[in-house]
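J.: Pasting a structure below so you can have a look.
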Amino acid sequence: MVSYLILTHFKKTAEFVTDDAEDATVNKIALWLCTFTLSVAVCAVLLLPISILSNEVLLTFPHSYYMQWLNGSLIHGLWNLVFLFSNLSLVFLMPFAYFFTESEGFAGSKKGVMARVYEAVVLLLLLALLVLGIVWVASALLHDNIARKSLYGDFSVTQLKTISTKPCRASASPWVGLTQQAVLCFSNIVKSFVALKSPFVAFLFFDFLLVLAEMRRKASPWQRNLAYPLAMLVLLGLTVMCVLMVCFNVLELLLDETALPRGMEDPHLGMASFSMFGSLGAAVQVVLILYLMVSSVVGFYSSPPFTGLLPRAQDTNLTEIIANCVSLLILSSALPVFSRTLGITRFDLLGDFGRYNWLENFYIVFLYNMLFAGLTSASLIKTVTWAVQRELIRAFGLHRLPLTVSRSTVPFRLLLASGLSKIQ
């Protein structure tokens, strides 16, 4: 319901109130698919917070009759469902919604909603076959020995059929292996898609403080002097805390192999806290995870390639809504892997989220943590440095310099000299 209200707030009303009843019906169906996708994205964001808080609740009330429904099986099932629906939405529902809104039915067919459905399904199947073939061939050429053998066997069977005219029953087996391996490769790619999305999140979160600083510049005096400075302090504190936790995770990676992220089948909720600081530490983990998600979304819409994708109230067409839902789903479904890889939480990944070979690769995880800590620290230092420099320029009256003089070229010695002269 919340997702539907959000989408109806941003959708362009003219696309749903039209004289063409067929277009209105198609747009409504596509909006329902977007609502489902956005709901799955919200569930993906809440996976880790709900899991961490559930563990703390069971630790606080270990023998409560009213908490018997909250167990590891329930949490494990939620993780599996979110993984399934997130990939279902990305691979099938959102492409179908786009093809459905753009289709008009095959030439010569009877017009109507079903004609559009048929065309959208055919386009989706062609796209799936194309992606399946590309994935299988890439897997066969790069690293998969079984697929490579199947590929070479397929070529040999083709040559044999060209030379010989006799039927050969054995020639069917490579085709069976081909099909099975192609499906397996495609399934592995789908399962790994969430893992591949997680590095993308790290590079979107650095513009958050700059966006808030820009909002402060345009705000009213009381907001500029009270609300935004407090918000900046809170966000700076959260960012510094993230960097410290990542640095601590790097030290743990160097000293203990068990610090590597891994998957688990049974979460064993209510046995021990996932934070050394108990419930308070668990609450901090939840806040940091949500902060990472919010800052990633703000950074995404602040990045130059995606600024035009920012939704506008009552003025966002259906294609843009589909693109926004896909983007939010990518960011949210990457969040559990992203948070666990950085050591923000010690709650290990459940279900298919934890079935990635690279999670056990020390070098990948270590370099990923170092890269995140380095870029975040550099962004933080740069943001603070710019803020201090801007305030010094304003305090010393250098902002009134003529436009031909570049303020960025004013040396720091001039700032000190101007300040000393004012003090004297």
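These residue numbers are counts, starting from 1, taken along the chain as shown.
Note: Cβ is positioned from N, Cα and C throughout, glycine not excepted.
Remember, TrEMBL labels are computer predictions, not curated facts.
For 29-54, 74-100, 121-142, 193-213, 225-251, 271-301, 321-342, 362-381, the entry in TrEMBL reads transmembrane segment.
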J.: Can you say which of 29-54, 74-100, 225-251 has the most Cβ pairs under 8 Å with the transmembrane segment (271-301)?
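T.: Ranking 29-54, 74-100, 225-251 by Cβ pairs under 8 Å to the transmembrane segment (271-301) puts 29-54 first.
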J.: Taking pairs 6 or more apart in sequence, does the count of Cβ pairs under 8 Å between the transmembrane segment (121-142) and the transmembrane segment (225-251) hit 3 or more?
T.: no
J.: For the transmembrane segment (74-100), could you work out the same-chain residues 6 or more beyond its ends whose Cβ comes under 8 Å from its Cβ atoms?
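T.: Distant Cβ neighbours of the transmembrane segment (74-100) are 26, 29-30, 33-34, 36-37, 40-41, 43-44, 47, 50-51, 54, 116-117, 119-121, 123-124, 127-128, 190-191, 193-194, 265-267, 269, 319, 322, 325-326, 329-330, 332-333, 336, 349-353.
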J.: What else in the chain is close to the transmembrane segment (321-342), if you only count residues 6 or more beyond its ends and a Cβ gap under 8 Å?
T.: 7, 10-11, 30-31, 34, 37-38, 40-42, 44-45, 47-48, 79, 82-83, 86, 89-90, 94, 97-98, 101, 194-195, 197-198, 200-202, 204, 242, 245-246, 249, 261, 288-289, 292-293, 296-297, 300, 306, 309, 311, 348-349, 353, 356, 359, 365, 368-369, 372
